[in-house]
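Peer 1: Shown below is the structure under consideration.
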């Protein structure tokens, strides 16, 4: 640094030098800078929500004033003024009555320099433990058709502190602060229609506790088999006979499906019972018969039909009358009459 004087003895600071006024200020403050020290302590306090907090572990000399600052998380850059909603901050003792979860965070107590030039700083991390919010399944009455996919989500509004996690044999387990878990069933089967259990575990007063909720998955399904049983296993009838067919099917959900009967792929109106009866059939009643089971749910309609059973209705043979008159055999026919030689 070069300090030059003009003939009139006034100061002139060239590039690379420091003004004499700055030098004088630094020299004046140097004792205070050298003497000023910071003494600090760090603390961690865990309380349960609803407890009263009285923290008096911050050292503070009697001849200095101090104040508290607060920030919610470490990501917050600066401390704000002590949050009056949570605490009384007029002294070095931090007092929080009936502490709530939002009071958790980072507190800092700072003093002005004491007579020795020492500034005191006290850092407190306050953890407020509280239980999680109730858990719930987003679809409390899940329903699905057999063969379709269904997804159920179990969630909580708050995982608590310390964070709990979802567990159990059905919903996937979670870790960290994940507040939901989803169970997806693909190509559901009849057997999937069972109780669905969601469980959430957490720690409370050094004990493991759990919240549980359940729901019942309803699976709609058609009968596995639909078939026709013929009375006496007969499918060939004569004109005038009575015909009885029975529609046989397995279990379904709903357990009472709608029944319909079909002949040659044309619905038989009014035939909605499992037993189909036709009295005094005619040749026109011959054809392929089917029964169909239909269920309706979730705005859909699904059906399963039996294999076709062919019913044959035939006319009886026309009668032939034979008589012996005057050695002539007469063949009587409703349509024509002719004579045959008599054979001895």
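Keep in mind that glycine also has a Cβ here, set from the backbone N, Cα and C atoms.
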Peer 1: Pick from 111-133, 134-156, 157-179: which range has region 'Disordered' per TrEMBL?
Peer 2: 157-179
Peer 1: When you scan the chain for residues with a C-beta under 8 Å from the region 'Disordered' (157-179), skipping those not six or more beyond its ends, what do you find?
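Peer 2: Sequence-distant neighbours of the region 'Disordered' (157-179): 101, 104, 127-133, 135, 196-203, 210.
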Peer 1: Kindly report the helix/strand/coil residue split of the domain 'Ig-like' (223-310) according to DSSP, in that order.
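Peer 2: Helix, strand and coil residues of the domain 'Ig-like' (223-310) number 6 helix, 47 strand, 35 coil.
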Peer 1: Tally of helix, strand and coil residues over the domain 'Ig-like' (132-214) according to DSSP?
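Peer 2: Looking at the domain 'Ig-like' (132-214) with DSSP, the answer is 3 helix, 41 strand, 39 coil.
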